[in-house]
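Encoded as C-alpha coordinates, the structure appears first; notes follow it.
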Amino acid sequence: MASSVSVLLALSLLFVTSHLYVSASYSPVPLVNGLAWNYYQSSCPKLETVVRKHLKKVFKKDVGQAAGLLRLHFHDCFVQGCDASVLLDGSASGPSEQQAPPNLSLRSKAFEIIDDLRKLVHDKCGRVVSCADLTALAARDSVHLSGGPDYGVPLGRRDGLNFATTLATLQNLPAPSSNADSLLTALATKNLDATDVVALSGGHTIGLSHCSSFSDRLYPSEDPTMDAEFAQDLKNICPPNSNNTTPQDVLTPDLFDNSYYVDLINRQGLFTSDQDLFTDTRTKDIVQSFASDQELFFEKFVIAMTKMGQLSVLAGNEGEIRADCSLRNANNPSFPASVVVDSDVESKSELVADPRPGPVKPFQDGTSSSTSYQHLHIPVKLMEDFLRLAQKNTAKNLETCGVLAGSLKNRVFHITTLIIPKQESTSDSSKE
(Lines of atoms letter the chains of each structure in order from A and count residues from 1; the text may use other names and numbers.)
(Lines give C-alpha, C1' and ligand atoms only; values in the text may rest on other atoms or scores of the structure.)
Protein backbone atom coordinates (compact mmCIF):
# COMPACT_ATOMS: atom_id res chain seq x y z
CA MET A 1 0.00 0.00 0.00
CA ALA A 2 1.42 3.42 -0.90
CA SER A 3 2.25 5.72 1.98
CA SER A 4 0.02 8.72 2.70
CA VAL A 5 2.84 11.01 1.56
CA SER A 6 3.19 9.30 -1.82
CA VAL A 7 -0.57 9.30 -2.31
CA LEU A 8 -0.75 13.03 -1.60
CA LEU A 9 2.14 13.65 -3.99
CA ALA A 10 0.45 11.61 -6.70
CA LEU A 11 -2.80 13.47 -6.15
CA SER A 12 -1.02 16.81 -6.44
CA LEU A 13 0.63 15.81 -9.71
CA LEU A 14 -2.64 14.53 -11.13
CA PHE A 15 -4.47 17.74 -10.22
CA VAL A 16 -1.83 19.75 -12.07
CA THR A 17 -1.83 17.59 -15.18
CA SER A 18 -5.51 16.62 -15.44
CA HIS A 19 -7.82 18.29 -17.92
CA LEU A 20 -11.51 18.52 -18.62
CA TYR A 21 -12.47 15.33 -20.46
CA VAL A 22 -16.05 16.26 -21.34
CA SER A 23 -17.22 19.86 -21.53
CA ALA A 24 -19.98 21.96 -22.99
CA SER A 25 -17.89 22.56 -26.09
CA TYR A 26 -17.36 18.88 -26.85
CA SER A 27 -19.00 15.66 -25.78
CA PRO A 28 -19.12 12.32 -27.58
CA VAL A 29 -22.35 11.59 -25.72
CA PRO A 30 -25.54 13.34 -26.90
CA LEU A 31 -27.62 15.00 -24.19
CA VAL A 32 -31.14 13.84 -23.50
CA ASN A 33 -33.97 16.35 -23.83
CA GLY A 34 -34.16 18.69 -20.87
CA LEU A 35 -30.52 18.51 -19.77
CA ALA A 36 -27.91 21.17 -20.54
CA TRP A 37 -24.30 21.89 -19.66
CA ASN A 38 -25.18 25.40 -18.46
CA TYR A 39 -28.58 24.63 -16.98
CA TYR A 40 -28.01 26.69 -13.81
CA GLN A 41 -26.01 29.48 -15.43
CA SER A 42 -28.53 32.15 -14.47
CA SER A 43 -30.37 30.57 -11.52
CA CYS A 44 -27.32 29.27 -9.59
CA PRO A 45 -24.07 30.30 -11.33
CA LYS A 46 -21.82 29.31 -8.39
CA LEU A 47 -23.38 25.86 -7.96
CA GLU A 48 -20.37 23.76 -8.90
CA THR A 49 -18.01 25.99 -6.92
CA VAL A 50 -20.14 25.57 -3.79
CA VAL A 51 -20.29 21.79 -4.20
CA ARG A 52 -16.58 21.32 -4.84
CA LYS A 53 -15.52 23.65 -2.03
CA HIS A 54 -17.60 21.71 0.48
CA LEU A 55 -16.43 18.30 -0.73
CA LYS A 56 -12.80 19.35 -0.49
CA LYS A 57 -13.40 19.95 3.21
CA VAL A 58 -15.19 16.62 3.59
CA PHE A 59 -12.46 14.61 1.85
CA LYS A 60 -9.70 16.38 3.77
CA LYS A 61 -11.20 14.84 6.90
CA ASP A 62 -12.08 11.47 5.35
CA VAL A 63 -11.10 10.66 1.78
CA GLY A 64 -13.09 7.44 2.06
CA GLN A 65 -16.32 9.40 1.65
CA ALA A 66 -15.48 9.90 -2.04
CA ALA A 67 -16.14 6.24 -2.81
CA GLY A 68 -19.40 6.37 -0.87
CA LEU A 69 -20.70 9.29 -2.94
CA LEU A 70 -19.65 7.69 -6.23
CA ARG A 71 -21.42 4.46 -5.31
CA LEU A 72 -24.53 6.36 -4.26
CA HIS A 73 -24.79 7.85 -7.77
CA PHE A 74 -24.38 4.40 -9.36
CA HIS A 75 -27.10 2.89 -7.19
CA ASP A 76 -29.43 5.80 -7.89
CA CYS A 77 -29.07 5.73 -11.67
CA PHE A 78 -29.29 1.97 -12.19
CA VAL A 79 -32.65 1.79 -10.38
CA GLN A 80 -35.43 3.68 -12.24
CA GLY A 81 -32.97 6.31 -13.46
CA CYS A 82 -31.01 9.22 -11.99
CA ASP A 83 -33.89 10.72 -10.01
CA ALA A 84 -32.54 10.71 -6.43
CA SER A 85 -35.10 8.02 -5.53
CA VAL A 86 -32.44 6.23 -3.48
CA LEU A 87 -32.41 9.24 -1.14
CA LEU A 88 -36.10 8.94 -0.25
CA ASP A 89 -37.13 7.55 3.11
CA GLY A 90 -39.64 4.73 3.21
CA SER A 91 -43.35 5.32 3.71
CA ALA A 92 -46.59 3.51 4.43
CA SER A 93 -46.47 2.22 0.85
CA GLY A 94 -43.36 0.17 1.59
CA PRO A 95 -39.65 0.20 2.45
CA SER A 96 -37.36 2.60 0.64
CA GLU A 97 -34.66 1.59 -1.84
CA GLN A 98 -32.20 2.05 1.02
CA GLN A 99 -33.66 -1.02 2.72
CA ALA A 100 -33.06 -3.31 -0.26
CA PRO A 101 -30.13 -5.71 0.36
CA PRO A 102 -27.77 -4.17 -2.25
CA ASN A 103 -28.17 -0.74 -0.63
CA LEU A 104 -27.72 -1.72 3.01
CA SER A 105 -23.99 -1.13 2.69
CA LEU A 106 -24.34 2.38 1.24
CA ARG A 107 -22.60 4.80 3.56
CA SER A 108 -25.02 6.70 5.79
CA LYS A 109 -22.59 9.62 5.68
CA ALA A 110 -23.06 9.85 1.90
CA PHE A 111 -26.75 10.65 2.41
CA GLU A 112 -25.83 13.28 5.00
CA ILE A 113 -23.31 14.89 2.65
CA ILE A 114 -25.86 15.20 -0.15
CA ASP A 115 -28.35 16.86 2.17
CA ASP A 116 -25.63 19.18 3.50
CA LEU A 117 -24.95 20.19 -0.10
CA ARG A 118 -28.67 20.71 -0.63
CA LYS A 119 -28.82 23.09 2.33
CA LEU A 120 -25.77 25.05 1.17
CA VAL A 121 -27.00 25.37 -2.40
CA HIS A 122 -30.61 26.16 -1.52
CA ASP A 123 -29.46 28.80 0.96
CA LYS A 124 -27.40 30.44 -1.76
CA CYS A 125 -29.63 30.03 -4.80
CA GLY A 126 -33.06 29.06 -3.56
CA ARG A 127 -34.83 25.80 -4.23
CA VAL A 128 -33.78 25.51 -7.86
CA VAL A 129 -31.23 22.67 -7.84
CA SER A 130 -32.42 19.07 -7.61
CA CYS A 131 -31.05 16.43 -5.27
CA ALA A 132 -30.47 14.28 -8.37
CA ASP A 133 -28.16 16.91 -9.86
CA LEU A 134 -26.33 17.34 -6.55
CA THR A 135 -25.75 13.58 -6.42
CA ALA A 136 -24.32 13.62 -9.96
CA LEU A 137 -22.02 16.56 -9.18
CA ALA A 138 -20.87 14.94 -5.93
CA ALA A 139 -19.95 11.78 -7.85
CA ARG A 140 -17.93 13.77 -10.39
CA ASP A 141 -16.07 15.68 -7.69
CA SER A 142 -15.45 12.45 -5.76
CA VAL A 143 -13.65 11.11 -8.83
CA HIS A 144 -11.68 14.26 -9.55
CA LEU A 145 -10.70 15.09 -5.96
CA SER A 146 -9.42 11.51 -5.59
CA GLY A 147 -7.05 12.00 -8.52
CA GLY A 148 -9.31 11.10 -11.41
CA PRO A 149 -10.48 13.09 -14.43
CA ASP A 150 -12.43 16.31 -14.27
CA TYR A 151 -15.39 16.50 -16.60
CA GLY A 152 -18.56 18.44 -17.29
CA VAL A 153 -21.86 17.12 -15.99
CA PRO A 154 -25.06 17.81 -17.93
CA LEU A 155 -27.64 19.17 -15.50
CA GLY A 156 -31.37 19.71 -15.26
CA ARG A 157 -32.48 16.45 -13.66
CA ARG A 158 -35.63 16.57 -11.57
CA ASP A 159 -36.26 14.56 -8.42
CA GLY A 160 -38.52 11.52 -8.59
CA LEU A 161 -41.85 11.31 -6.81
CA ASN A 162 -41.50 7.69 -5.70
CA PHE A 163 -38.95 5.03 -4.86
CA ALA A 164 -38.55 1.63 -6.46
CA THR A 165 -39.69 -1.58 -4.82
CA THR A 166 -37.21 -3.95 -3.23
CA LEU A 167 -37.72 -6.37 -6.12
CA ALA A 168 -37.02 -3.68 -8.73
CA THR A 169 -33.91 -2.62 -6.83
CA LEU A 170 -32.63 -6.20 -6.72
CA GLN A 171 -33.34 -6.69 -10.42
CA ASN A 172 -31.43 -3.56 -11.46
CA LEU A 173 -28.30 -3.74 -9.30
CA PRO A 174 -25.94 -6.54 -10.40
CA ALA A 175 -24.58 -8.53 -7.48
CA PRO A 176 -20.83 -8.79 -6.72
CA SER A 177 -21.19 -12.50 -7.50
CA SER A 178 -22.36 -11.78 -11.07
CA ASN A 179 -20.15 -13.05 -13.87
CA ALA A 180 -19.21 -10.94 -16.87
CA ASP A 181 -21.94 -12.43 -19.03
CA SER A 182 -24.77 -11.50 -16.67
CA LEU A 183 -23.19 -8.09 -16.09
CA LEU A 184 -22.98 -7.34 -19.81
CA THR A 185 -26.52 -8.58 -20.39
CA ALA A 186 -27.98 -6.52 -17.55
CA LEU A 187 -26.27 -3.28 -18.52
CA ALA A 188 -26.96 -3.70 -22.22
CA THR A 189 -30.61 -3.05 -21.33
CA LYS A 190 -29.43 0.38 -20.16
CA ASN A 191 -27.63 1.08 -23.45
CA LEU A 192 -24.19 0.48 -21.89
CA ASP A 193 -21.74 -1.56 -23.97
CA ALA A 194 -18.77 -3.71 -22.94
CA THR A 195 -16.38 -0.75 -22.82
CA ASP A 196 -18.83 1.16 -20.63
CA VAL A 197 -19.18 -1.81 -18.27
CA VAL A 198 -15.43 -2.24 -17.86
CA ALA A 199 -14.91 1.51 -17.45
CA LEU A 200 -17.64 1.91 -14.83
CA SER A 201 -16.27 -1.10 -12.94
CA GLY A 202 -13.10 0.95 -12.61
CA GLY A 203 -14.92 2.97 -9.98
CA HIS A 204 -13.82 0.15 -7.66
CA THR A 205 -10.35 1.68 -7.74
CA ILE A 206 -11.36 3.60 -4.59
CA GLY A 207 -13.24 2.51 -1.50
CA LEU A 208 -13.69 -0.46 0.79
CA SER A 209 -15.66 -3.67 0.54
CA HIS A 210 -17.28 -5.77 3.25
CA CYS A 211 -15.98 -9.32 3.48
CA SER A 212 -19.50 -10.64 3.02
CA SER A 213 -19.48 -9.32 -0.56
CA PHE A 214 -16.79 -11.77 -1.67
CA SER A 215 -16.67 -14.48 1.03
CA ASP A 216 -18.13 -16.97 -1.47
CA ARG A 217 -14.75 -16.79 -3.26
CA LEU A 218 -12.92 -17.83 -0.08
CA TYR A 219 -15.23 -20.34 1.62
CA PRO A 220 -15.77 -23.24 1.64
CA SER A 221 -13.01 -23.35 -0.97
CA GLU A 222 -10.93 -20.74 -2.74
CA ASP A 223 -11.91 -19.49 -6.18
CA PRO A 224 -9.19 -20.86 -8.51
CA THR A 225 -9.19 -17.60 -10.49
CA MET A 226 -7.94 -15.75 -7.40
CA ASP A 227 -4.21 -15.47 -6.71
CA ALA A 228 -3.44 -17.93 -3.88
CA GLU A 229 -1.33 -15.52 -1.83
CA PHE A 230 -3.96 -12.82 -2.20
CA ALA A 231 -6.65 -15.29 -1.11
CA GLN A 232 -4.70 -16.13 2.02
CA ASP A 233 -4.27 -12.44 2.86
CA LEU A 234 -8.02 -11.98 2.50
CA LYS A 235 -8.72 -14.97 4.75
CA ASN A 236 -6.60 -13.35 7.44
CA ILE A 237 -8.72 -10.21 7.18
CA CYS A 238 -11.99 -12.04 6.62
CA PRO A 239 -12.45 -15.18 8.72
CA PRO A 240 -15.72 -17.07 8.13
CA ASN A 241 -18.87 -15.03 8.80
CA SER A 242 -16.86 -11.84 9.20
CA ASN A 243 -18.10 -8.47 8.04
CA ASN A 244 -14.76 -6.70 8.23
CA THR A 245 -13.70 -4.42 5.38
CA THR A 246 -10.75 -4.34 3.01
CA PRO A 247 -9.67 -1.98 0.21
CA GLN A 248 -11.10 -2.80 -3.21
CA ASP A 249 -7.82 -1.79 -4.86
CA VAL A 250 -4.81 -3.29 -3.08
CA LEU A 251 -2.29 -1.00 -4.80
CA THR A 252 -3.64 2.55 -4.35
CA PRO A 253 -6.93 2.31 -2.43
CA ASP A 254 -7.49 6.07 -2.01
CA LEU A 255 -6.33 7.13 -5.46
CA PHE A 256 -8.57 7.14 -8.52
CA ASP A 257 -6.29 5.59 -11.13
CA ASN A 258 -6.03 2.54 -13.39
CA SER A 259 -4.43 0.20 -10.84
CA TYR A 260 -7.75 -1.63 -10.44
CA TYR A 261 -7.13 -3.17 -13.88
CA VAL A 262 -3.59 -4.12 -12.89
CA ASP A 263 -5.17 -5.91 -9.91
CA LEU A 264 -7.37 -7.91 -12.29
CA ILE A 265 -4.41 -8.96 -14.42
CA ASN A 266 -2.66 -10.03 -11.20
CA ARG A 267 -5.78 -12.06 -10.28
CA GLN A 268 -6.40 -9.78 -7.30
CA GLY A 269 -9.92 -8.60 -8.04
CA LEU A 270 -12.22 -8.82 -5.03
CA PHE A 271 -15.57 -9.63 -6.63
CA THR A 272 -16.47 -12.24 -9.19
CA SER A 273 -17.96 -9.36 -11.19
CA ASP A 274 -14.51 -7.74 -11.18
CA GLN A 275 -12.21 -10.68 -11.85
CA ASP A 276 -14.41 -12.22 -14.52
CA LEU A 277 -13.86 -9.13 -16.68
CA PHE A 278 -10.34 -10.46 -17.24
CA THR A 279 -11.66 -13.93 -18.04
CA ASP A 280 -14.42 -13.14 -20.53
CA THR A 281 -13.10 -12.74 -24.08
CA ARG A 282 -15.40 -9.76 -24.71
CA THR A 283 -13.84 -7.71 -21.92
CA LYS A 284 -10.31 -9.06 -21.39
CA ASP A 285 -8.69 -6.86 -24.04
CA ILE A 286 -10.43 -3.78 -22.63
CA VAL A 287 -9.06 -4.55 -19.17
CA GLN A 288 -5.55 -4.88 -20.60
CA SER A 289 -5.81 -1.63 -22.54
CA PHE A 290 -6.98 0.29 -19.48
CA ALA A 291 -4.22 -1.26 -17.34
CA SER A 292 -1.57 0.00 -19.74
CA ASP A 293 -3.13 3.37 -20.60
CA GLN A 294 -4.62 5.44 -17.78
CA GLU A 295 -5.58 8.30 -20.10
CA LEU A 296 -7.65 5.89 -22.17
CA PHE A 297 -9.37 4.61 -19.04
CA PHE A 298 -10.18 8.15 -17.91
CA GLU A 299 -11.59 9.02 -21.34
CA LYS A 300 -13.83 5.95 -21.48
CA PHE A 301 -14.85 6.29 -17.84
CA VAL A 302 -16.10 9.83 -18.43
CA ILE A 303 -18.08 8.73 -21.49
CA ALA A 304 -19.65 5.88 -19.52
CA MET A 305 -20.46 8.15 -16.56
CA THR A 306 -22.10 10.69 -18.87
CA LYS A 307 -24.23 7.96 -20.43
CA MET A 308 -25.13 6.44 -17.07
CA GLY A 309 -25.90 9.87 -15.61
CA GLN A 310 -28.65 10.38 -18.17
CA LEU A 311 -30.50 7.11 -17.58
CA SER A 312 -34.28 7.67 -17.47
CA VAL A 313 -33.90 11.20 -16.13
CA LEU A 314 -36.89 13.37 -15.31
CA ALA A 315 -36.74 16.86 -16.79
CA GLY A 316 -38.87 19.89 -17.56
CA ASN A 317 -42.15 19.65 -15.67
CA GLU A 318 -41.61 16.05 -14.58
CA GLY A 319 -40.92 15.22 -10.94
CA GLU A 320 -40.05 18.04 -8.57
CA ILE A 321 -37.20 19.90 -6.86
CA ARG A 322 -37.23 18.52 -3.33
CA ALA A 323 -36.94 20.87 -0.38
CA ASP A 324 -35.54 17.90 1.58
CA CYS A 325 -33.73 15.14 -0.31
CA SER A 326 -35.27 12.42 1.85
CA LEU A 327 -38.90 13.54 1.44
CA ARG A 328 -41.30 14.27 -1.35
CA ASN A 329 -42.51 17.84 -1.11
CA ALA A 330 -46.10 16.60 -0.67
CA ASN A 331 -44.96 14.75 2.47
CA ASN A 332 -42.79 17.54 3.84
CA PRO A 333 -44.56 19.59 6.56
CA SER A 334 -42.11 22.48 6.10
CA PHE A 335 -42.93 22.83 2.40
CA PRO A 336 -46.49 24.11 2.14
CA ALA A 337 -47.24 25.55 -1.24
CA SER A 338 -46.40 27.74 -4.18
CA VAL A 339 -47.42 31.37 -3.91
CA VAL A 340 -48.85 32.79 -7.10
CA VAL A 341 -48.60 36.54 -7.63
CA ASP A 342 -52.04 37.20 -9.05
CA SER A 343 -52.98 40.57 -10.54
CA ASP A 344 -56.64 39.50 -10.51
CA VAL A 345 -56.66 39.53 -6.72
CA GLU A 346 -57.55 43.13 -5.90
CA SER A 347 -57.70 43.40 -2.13
CA LYS A 348 -54.42 43.66 -0.29
CA SER A 349 -55.64 41.30 2.41
CA GLU A 350 -57.32 38.78 0.14
CA LEU A 351 -55.98 35.26 -0.20
CA VAL A 352 -57.42 32.74 -2.64
CA ALA A 353 -56.35 29.16 -1.92
CA ASP A 354 -56.48 26.06 -4.10
CA PRO A 355 -56.97 23.14 -1.67
CA ARG A 356 -55.23 19.80 -2.01
CA PRO A 357 -55.25 16.71 0.19
CA GLY A 358 -52.35 16.14 2.52
CA PRO A 359 -50.86 16.94 5.90
CA VAL A 360 -49.22 20.23 4.91
CA LYS A 361 -50.15 23.51 6.63
CA PRO A 362 -49.81 26.74 4.62
CA PHE A 363 -48.87 28.85 7.63
CA GLN A 364 -46.47 28.24 10.48
CA ASP A 365 -47.71 30.83 12.94
CA GLY A 366 -48.49 28.49 15.81
CA THR A 367 -52.07 27.82 14.78
CA SER A 368 -53.20 24.34 13.92
CA SER A 369 -55.05 23.56 10.74
CA SER A 370 -55.83 20.43 8.77
CA THR A 371 -56.19 22.46 5.56
CA SER A 372 -53.42 22.31 2.99
CA TYR A 373 -52.91 24.13 -0.27
CA GLN A 374 -51.47 23.69 -3.72
CA HIS A 375 -51.30 27.44 -4.39
CA LEU A 376 -51.95 30.64 -2.48
CA HIS A 377 -53.00 33.48 -4.77
CA ILE A 378 -52.00 36.88 -3.41
CA PRO A 379 -52.11 40.39 -4.85
CA VAL A 380 -49.08 41.87 -6.54
CA LYS A 381 -48.84 44.71 -4.01
CA LEU A 382 -48.63 42.33 -1.09
CA MET A 383 -45.84 40.34 -2.72
CA GLU A 384 -43.96 43.55 -3.49
CA ASP A 385 -44.16 44.50 0.19
CA PHE A 386 -43.07 41.00 1.13
CA LEU A 387 -40.05 41.12 -1.17
CA ARG A 388 -39.04 44.59 -0.03
CA LEU A 389 -39.03 43.51 3.60
CA ALA A 390 -37.14 40.30 2.91
CA GLN A 391 -34.48 42.02 0.82
CA LYS A 392 -33.62 44.27 3.76
CA ASN A 393 -32.75 41.01 5.52
CA THR A 394 -33.08 42.23 9.10
CA ALA A 395 -34.00 39.83 11.85
CA LYS A 396 -37.24 41.70 12.46
CA ASN A 397 -38.22 41.61 8.82
CA LEU A 398 -37.41 37.94 8.44
CA GLU A 399 -39.48 37.15 11.49
CA THR A 400 -42.35 39.17 10.05
CA CYS A 401 -42.21 37.85 6.52
CA GLY A 402 -40.87 34.34 6.77
CA VAL A 403 -37.85 32.85 5.07
CA LEU A 404 -37.59 32.81 1.30
CA ALA A 405 -36.29 29.61 -0.25
CA GLY A 406 -36.79 29.97 -3.93
CA SER A 407 -36.85 32.34 -6.84
CA LEU A 408 -39.50 34.39 -8.55
CA LYS A 409 -40.09 32.81 -11.93
CA ASN A 410 -43.15 33.09 -14.12
CA ARG A 411 -44.76 34.97 -11.22
CA VAL A 412 -44.64 31.90 -8.97
CA PHE A 413 -42.71 32.11 -5.70
CA HIS A 414 -41.71 28.78 -4.16
CA ILE A 415 -41.25 29.08 -0.42
CA THR A 416 -40.80 26.99 2.70
CA THR A 417 -42.44 29.42 5.11
CA LEU A 418 -44.84 32.28 4.52
CA ILE A 419 -46.38 34.45 7.20
CA ILE A 420 -48.48 37.15 5.58
CA PRO A 421 -47.84 40.31 7.64
CA LYS A 422 -50.68 42.45 8.89
CA GLN A 423 -51.26 45.78 7.17
CA GLU A 424 -49.77 47.72 10.09
CA SER A 425 -46.64 45.53 10.22
CA THR A 426 -46.09 45.88 6.50
CA SER A 427 -46.33 49.65 6.58
CA ASP A 428 -44.19 50.09 9.68
CA SER A 429 -41.46 47.66 8.67
CA SER A 430 -41.15 49.00 5.16
CA LYS A 431 -40.02 52.35 6.56
CA GLU A 432 -36.97 50.83 8.28
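Note that Cβ sites are derived from N, Cα and C of the backbone, with glycine treated the same way.
Note that the structure is predicted; figures quoted are calculated from it, not measured.
Going by what TrEMBL states, the Ca(2+) 2 site holds ASP249, THR252, ASP257, and the candidate of THR195, THR205, THR306 recorded there is THR205. Per TrEMBL, the cysteine from CYS77, CYS82, CYS125 that shares a disulfide bond with CYS44 is CYS125. Looking at the stretches 91-110, 351-370, the one that TrEMBL records under the feature region 'Disordered' is 351-370. ARG71 (site 'Transition state stabilizer') and HIS204 (heme b binding site) have their C-alpha atoms 9 Å apart, to the nearest angstrom.
HIS204 (heme b binding site) and HIS75 (active site, proton acceptor) have their C-alpha atoms 14 Å apart, to the nearest angstrom. Its Cβ placed at the centre, ARG71 (site 'Transition state stabilizer') has 21 other Cβ atoms within 10 Å. Taking a C-beta cut-off of under 8 Å and a sequence gap of six or more, HIS75 (active site, proton acceptor) has these contacts in its own chain: VAL86, GLU97, PRO102, ASN103, LEU106, LEU173.
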